[in-house]
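Per Swiss-Prot, the feature FAD binding site maps to 41-71; the stated evidence is similarity to another entry. Annotation comment: Swiss-Prot describes 199-236 as NAD(+) binding site, evidence class similarity to another entry.
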Amino acid sequence: MGLKNLIIRGRNYISDHLTKSSLEKAIIRRQKRGKVIENEKLIILGCGWGSYSFLKNLNSIKYDITVISPRNHFLFTPLLTSSAVGTLEFRSIAEPVRTTRDINEFKYIQASVTSINPENNSVLVKSTFHNEKPFEMKYDKLVIGVGSRNNTFGIKGVEENANFLKELHHAREIRQKIIECFERASLPDVSTEERERLLSFVIVGGGATGIEFTSELNDFFSEDLSRLFPFVPVNEVKIILLEASGKILSTFDQKLVKKALINFRNSGIDVRTHSSVKEVLKDYVILDNGDRIPYGLLVWSTGIGQHPLVKNSSFEKDSHDRIIVDDHLRVKNYSNVFSFGDCANVENKNYPPTAQVASQSAVYLAKEFNNLEKLNPNPPKPFAFKFLGLLAYTGKKSGILQTDFFDLSGFIGFITWRSAYLTRLGSLRSKIQVPFDWMRTLIFGRDISSF
């Protein structure tokens with residue numbers, strides 16, 4: 001009887017809380033001189049690092065908020081490489097948009113915005129579901145945080161044959177492809193040449209994502225696949241990292257890069273700098289120097305390209321097709337349109353396109369929005385990015401950390417890498433699931449089931 005009463009009281013509390021939240025939006029409209037003033041219509045485009053941070057920190061009482069994104073979850077991208085090899089499960093690094101905050105405080109539409117009309121204060125929206133007609137939505141304020149796309153540099157065959165690593169479905173495809181390569185290589189009738197191709201894994205791009213995926217892949221092989229596929233010749237497994245420039249991890253200090261390279265070479269990873277890709281075919285990649293490298297899996301991680309919505313917009317853009325914003329993140333010439341993250345650049349600043357910048361700028365903008373009606377005679381301070389450091393996992397329980405004050409490497413760098421990302425996860429659920437996955441992998445190994 002006591003438990004039943006407790007459940008009923010809990011339901012009543014939740015119902016009252018949700019009703020109050022919605023009533024606050026509907027009834028506690030701001031009043032000035034006896035007139036009811038409707039909340040401004042605020043549309044947020046995207047649900048990446050910027051948009052997610054902005055939504056979490058925004059005071060929803062002042063706005064009628066609508067989030068529009070074809071992806072219905074926030075993705076913790078720094079750990080995407082871990083999910084691609086089974087160290088973490090996919091759901092552990094994804095946070096549904098609808099659970100970001102009280103669902104009565106905003107609307108979510110699973111759709112893509114195909115065009116923006118800033119003169120008419122409207123966006124054209126197309127549902128992600130088939131055969132849905134586009135529709136127009138009006139806004140008083142617009143926040144653009146659609147992120148970026150994969151950059152193929154126009155190289156022939158990349159779109160058709162390479163695997164990207166930017167979304168959850170990319171990680172799922174890569175994990176399945178790795179397992180498929182080992183299963184096919186273990187067939188009794190496979191030729192030596194075909195087996196060597198299947199066991200060659202090529203990663204294009206020596207930035208943080210390329211380095212971390214290479215590290216995770218090598219861990220997957222040395223800790224799990226080599227044990228579970230005993231008849232696959234160890235000496236035939238090749239991991240090749242291609243970097244067009246002369247240096248991997250170009251944003252890190254050279255001494256940390258050297259430590260990463262030593263770790264890679266000790267693991268048998270083939271790092272090739274000054275190696276530009278000319279063309280990607282179904283079974284091999286052609287380099288500028290004419291070399292042909294056969295592969296079973298090729299992962300493309302070579303920087304970012306701009307979102308079509310941004311590229312085709314009428315906003316003023318920089319040489320990298322990013323929307324130019326002022327130091328208050330307002331789009332040039334439009335005081336009611338704002339942008340942050342990979343798709344925007346503060347004029348004359350050239351901040352790096354990282355999750356750090358996107359998150360900090362979004363929190364800044366949310367505070368600006370929250371303070372708009374406060375009687376503050378002082379103008380708001382401009383946005384200033386605060387560098388918090390660079391992190392990268394380099395395999396074999398080793399990592400590197402670079403800050404303005406100190407550097408770390410080795411096992412302590414690995415612990416710092418994990419700790420830093422654990423604290424940055426978006427929800428309590430993720431903060432419980434991720435360490436649970438780490439412990440499961442440590443005890444039982446990574447899952448190699450195909451599904």
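Every residue, even glycine, has its Cβ placed from backbone N, Cα and C.
Features as recorded by Swiss-Prot, highlighted on the structure.
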{"residue": "LYS41", "record": "FAD binding site", "DSSP (3 states)": "strand"}
{"residue": "SER53", "record": "FAD binding site", "DSSP (3 states)": "helix"}
{"residue": "ILE61", "record": "FAD binding site", "DSSP (3 states)": "helix"}
{"residue": "SER69", "record": "FAD binding site", "DSSP (3 states)": "strand"}
{"residue": "LEU199", "record": "NAD(+) binding site", "DSSP (3 states)": "coil"}
{"residue": "ASP219", "record": "NAD(+) binding site", "DSSP (3 states)": "helix"}
{"residue": "ASP224", "record": "NAD(+) binding site", "DSSP (3 states)": "helix"}
{"residue": "VAL234", "record": "NAD(+) binding site", "DSSP (3 states)": "helix"}
Cβ density check for SER53 (FAD binding site), other Cβ within 10 Å (all protein chains) comes to 26
Could you state the whole-number distance in Å separating the C-alpha atoms of THR209 (NAD(+) binding site) and LEU45 (FAD binding site)? 25
For the binding-site residues TRP49, PHE229, the largest set of other C-beta atoms within 10 Å encircles the C-beta of TRP49
Residues that sit under 8 angstroms from ASN57 (FAD binding site) by C-beta distance, when 6+ apart in the chain: ALA362, VAL363, ALA366, LYS367, ASN370
Going by DSSP, give the three-state secondary structure for PHE229 (NAD(+) binding site). coil
Pick the one among the binding-site residues LEU199, VAL204, VAL234 whose Cβ has the fewest other Cβ atoms within 10 Å in this structure. VAL234
THR214 (NAD(+) binding site) sits from TRP49 (FAD binding site) (Cα to Cα, rounded, in Å) at a distance of 24
Where's the emptiest Cβ shell within 10 Å among the binding-site residues LEU45, ILE61, ILE65? ILE61
Tell me, how many other CB atoms lie within 10 A of the CB of LYS41 (FAD binding site), whichever protein chain they belong to? 16
Do me a favour and check the Cα-Cα span between VAL234 (NAD(+) binding site) and ILE61 (FAD binding site); whole Å is fine. 60
